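Record features (Swiss-Prot):
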- CYS24-CYS28: disulfide bond (DISULFID)
- CYS24-CYS40: disulfide bond (DISULFID)
- CYS28-CYS58: disulfide bond (DISULFID)
- CYS38-CYS40: disulfide bond (DISULFID)
- CYS38-CYS51: disulfide bond (DISULFID)
- CYS44-CYS50: disulfide bond (DISULFID)
- CYS51-CYS58: disulfide bond (DISULFID)
- 20-63: domain 'SMB' (DOMAIN)
- ASN87: N-linked glycosylation site (CARBOHYD)
- ASN146: N-linked glycosylation site (CARBOHYD)
- TYR75: sulfotyrosine (MOD_RES)
- TYR78: sulfotyrosine (MOD_RES)
- TYR80: sulfotyrosine (MOD_RES)
- SER289: phosphoserine (MOD_RES)
- SER378: phosphoserine (MOD_RES)
- TYR398: sulfotyrosine (MOD_RES)
- TYR401: sulfotyrosine (MOD_RES)
- 338-380: region 'Disordered' (REGION)
- 135-179: repeat 'Hemopexin 1' (REPEAT)
- 180-227: repeat 'Hemopexin 2' (REPEAT)
- 228-285: repeat 'Hemopexin 3' (REPEAT)
- 400-453: repeat 'Hemopexin 4' (REPEAT)
- 1-19: signal peptide (SIGNAL)
Amino acid sequence: MAPLRPLLMLALLAWVALADQESCKGRCTDGFIAERKCQCDELCSYYQSCCTDYVAECKPQVTRGDVFLQPDDEYRAYDYHEETRHNTSVQEEQRIPVLLAKTEETPVLKPEEEAPPPGPQTDDLGVPEEELCSGKPFDAFTNLKNGSVFAFRGLYCYELDEKAVRPGYPKLIQDVWGIKGPIDAAFTRINCQGKTYLFKGSQYWRFDDGVLDPNYPREISEGFKGIPDDVDAALALPAHSYSGRERVYFFKGKQYWEYVFQQQPSREECEGSSPSDVFAHFALMQRDSWEDIFRLLFWSHSFGGAIEPRVISQDWLGLPEQVDAAMAGQIYISGSALKPSQPKMTKSARRSGKRYRSRRGRGRGRGHSRSQKSHRQSRSTWLPWFSSEETGPGGYNYDDYKMDWLVPATCEPIQSVYFFSGEEYYRVNLRTQRVDTVTPPYPRSIAQYWLGCPVPDQK
């Protein structure tokens, strides 16, 4: 028996080492470790790679900082009509001196003189200047991996924050993306890499953190076989989990096509790139028991490639026959919950409204100053549930309050999709594929709710 003792000791040590490698004990803050057989990082639920004791050891929670509790255009909870009256009065106060100044500077024409015919204004290079609130239709919208929204119109592009256009925009598409505008469509994949695709004519370009990938542009017929050239709009959706497949909807004329990606990047492949905040927000929600809902929302019956076209107005109820642009909104949580006592709202609370965590600022050196004043409306009315990261119910800032709570089990995630047509936009519930019925109703003004343009005078 004596010779067996060393063998038993070795077997015991090997078992202990194996058990330690397959446990999250002491590993909850270590992040992803490729050499380990199972993982304890915050994305392991999505990749279905968690150790068996992940929940017990790491106690993951979907907390108030991980979820959005209203659609993109419903981030404020204080009274919509009061805000409208406030904005209108401010605009009237600011409009009077501007009009007077213009009146004083207008030259008086002599009888023999005639005013020159109106024409488009151009810059020194002969490029037509962009007018923010012109009401002209947009060509594309997309939500970049850092949470910023980019809008494309004609030769120009805009970066939008929660309230208006960011300082320094519009800029020429060619100066920012290296492509001469206009473009036809754009989308950003919702996976750990978060690459952005721009479409124009028969070609498409792919960008990683704003840098064009090698060997691009490519032909649409090669990279997206079965999808037509000159598309009008594109819309990307995530996979329900790592075992699922991502989808893109392409729209052209009165029809739309569904394209299914055959694979998504692995966890190891994403270690070398900056994380996608949009994807991280989605993946963190895998911690809760919403697998069935995610499968319902993001399931695809195709094994990859394009699916035969269908009619827009038949499947997306409430939309016009044709659309100019489309974009998936942030997933938000719908349901009932007890509201904590509401402290007095401060000015700083009203101004807060960050979409994603602090990594959002990691862009291509864009200005992120929020000092510019905006007339932008809240993009809709409100829901009396939770909050975005920095604002609680009613737009209140709870950063100074100790609040640790879980999303109630009765809640469920809602995926909104935005469609833009002409000077208006629609919000659609992906699960029902119907335009949301809210007040004020859809369609709504793009200029007012997305660009921060003044509210029209209400008589």
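Cβ coordinates come from backbone N, Cα and C, glycine included.
These numbers come from a predicted model, not from an experiment.
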Integer Cα-Cα distance in angstrom, CYS28 (disulfide bond) to CYS58 (disulfide bond): 5
Residue counts (helix, strand, coil, in that order) that DSSP gives for the repeat 'Hemopexin 1' (135-179): 5 helix, 17 strand, 23 coil
Cα separation, CYS51 (disulfide bond) to CYS38 (disulfide bond) (Å, whole number): 5
Within 10 angstroms of CYS50 (disulfide bond), Cα basis - recorded positions out of CYS24, CYS40, ASN146: CYS24, CYS40
Nearest of the disulfide-bonded residues (CYS24, CYS40, CYS44, CYS51, CYS58) to ASN146 (N-linked glycosylation site) - Cα to Cα: CYS44
Spatial neighbours of CYS24 (disulfide bond) that are distant in sequence (at least 6 apart) but have CB under 8 A: CYS38, CYS40, CYS50, CYS51, ASP53, TYR54, GLU57, CYS58
DSSP state at CYS44 (disulfide bond), helix/strand/coil: helix
Cβ neighbours within the same chain of CYS44 (disulfide bond) - under 8 Å, at least six residues apart: PHE32, CYS38, CYS50, CYS51, TYR54
